[in-house]
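S.K.: Sending over a structure as structure tokens; questions will come in a sec.
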Amino acid sequence: MSGAARAGPARLAALALLTCSLWPTRADNASQEYYTALINVTVQEPGRGTPLTFRIDRGRYGLDSPKAEVRGQVLAPLPIHGVADHLGCDPQTRFFVPPNIKQWIALLQRGNCTFKEKISRAAFHNAVAVVIYNNKSKEEPVTMTHPGTGDIIAVMITELRGKDILSYLEKNISVQMTIAVGTRMPPKNFSRGSLVFVSISFIVLMIISSAWLIFYFIQKIRYTNARDRNQRRLGDAAKKAISKLTTRTVKKGDKETDPDFDHCAVCIESYKQNDVVRVLPCKHVFHKSCVDPWLSEHCTCPMCKLNILKALGIVPNLPCTDNVAFDMERLTRTQAVNRRAALGDLAGDSSLGLEPLRTSGISPLPQDGELTPRTGEINIAVTKEWFIIASFGLLSALTLCYMIIRATASLNANEVEWF
């Protein structure tokens, strides 16, 4: 099998890991710690003796904001050319600050420009803090990023609470706000449960894959060693058998020189005077130079398939092979009855001590005409082995990729945003 064919599945596994590594997660942004903000809101409605108070526990300080307490009156931007301005992104954004107010807090809606622009514009008008409410009702506050905004405090709250406060401001009702530092939340790259899940799953997957590969290669090594030993012993047995066969030189008047006599079945040529021939136990005659190499590999008569090892009593009932390095699939084609007979003969032999191939599921050696596996068949067998190994690698890579994506999915609640 070519190196390119073996590298194909391996490249797929590498591509899967590369895709996983480039998966768009928020792990880099989510590694920052953040502080929660505890916000108390006091609403002084006209004609009502007791002010209305409520608390916002889900506020969050900006990443670049000072983590400090602040108190002030809440103000929203003035309309621009008669159009309400809740975003604070327009260069003409203005705030009406009553003369008797020393500290005030700007209330702005998220969107349309960066947090830095909103906060800087409010700071330009001397706000001590900026409260930005989300622009999506189902989203929790995020950690805002706004470098270079100075000492102004920036906090984000939910859309629901922000619009509640805005509704009072639109009615010209005074709203006071106190912002206090809440809990420091450490970086959260992986939830504990996700980390345990990824670790255990990956370890189990690697153990199973490694055990399978180790078992596979051990069996392959055992098979190869047994095959080589049997091949050497078969070769020795064939040489011993050949040495016991009768040879003679064809002389004038011998029956082999008769034109009607069979030609040599190996080279398909007639016998001539002074040719050295080999006589097999089945009485078939061949050129010695032709049949000896054949017998070394096949150990059977080229014509009647007689087993010369068995006929000479060297290895009784031993099936011969022209190539012991056969592929596994061709071995499984013959019947189980012949396999048991062949392996029984191998185990019962005492002259050479040949051992059967220690590979489960191997059937007997096929007939000589089918023994030599074609190049395409060998390539298919080897390709299948590499495909199985590469499949385990690809499966491991995809599983690990899935587990990492699943674990990082819990990071959304800790994201850092710029606008």
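Each residue, glycine too, has its Cβ placed from N, Cα and C.
So Swiss-Prot lists the following for this protein:
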{"type": "DOMAIN", "residues": "105-176", "note": "domain 'PA'"}
{"type": "CARBOHYD", "residues": "N29", "note": "N-linked glycosylation site"}
{"type": "CARBOHYD", "residues": "N40", "note": "N-linked glycosylation site"}
{"type": "CARBOHYD", "residues": "N112", "note": "N-linked glycosylation site"}
{"type": "CARBOHYD", "residues": "N135", "note": "N-linked glycosylation site"}
{"type": "CARBOHYD", "residues": "N172", "note": "N-linked glycosylation site"}
{"type": "CARBOHYD", "residues": "N189", "note": "N-linked glycosylation site"}
{"type": "SIGNAL", "residues": "1-27", "note": "signal peptide"}
{"type": "TOPO_DOM", "residues": "218-419", "note": "topological domain 'Cytoplasmic'"}
{"type": "TRANSMEM", "residues": "195-217", "note": "transmembrane segment"}
{"type": "ZN_FING", "residues": "264-305", "note": "zinc finger"}
S.K.: So which one is it: of the glycosylation sites N40, N112, N135, N172, which has the fewest other Cβ atoms within 10 Å?
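M.R.: Selected from the glycosylation sites N40, N112, N135, N172 on minimum Cβ neighbours within 10 Å: N172.
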S.K.: Take the C-alpha atoms of N135 (N-linked glycosylation site) and N112 (N-linked glycosylation site) and report the distance between them in angstrom, rounded.
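M.R.: Cα of N135 (N-linked glycosylation site) to Cα of N112 (N-linked glycosylation site) measures 10 Å after rounding.
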S.K.: Could you break down the residues of the domain 'PA' (105-176) into DSSP helix, strand and coil, giving a count for each?
M.R.: 22 helix, 20 strand, 30 coil
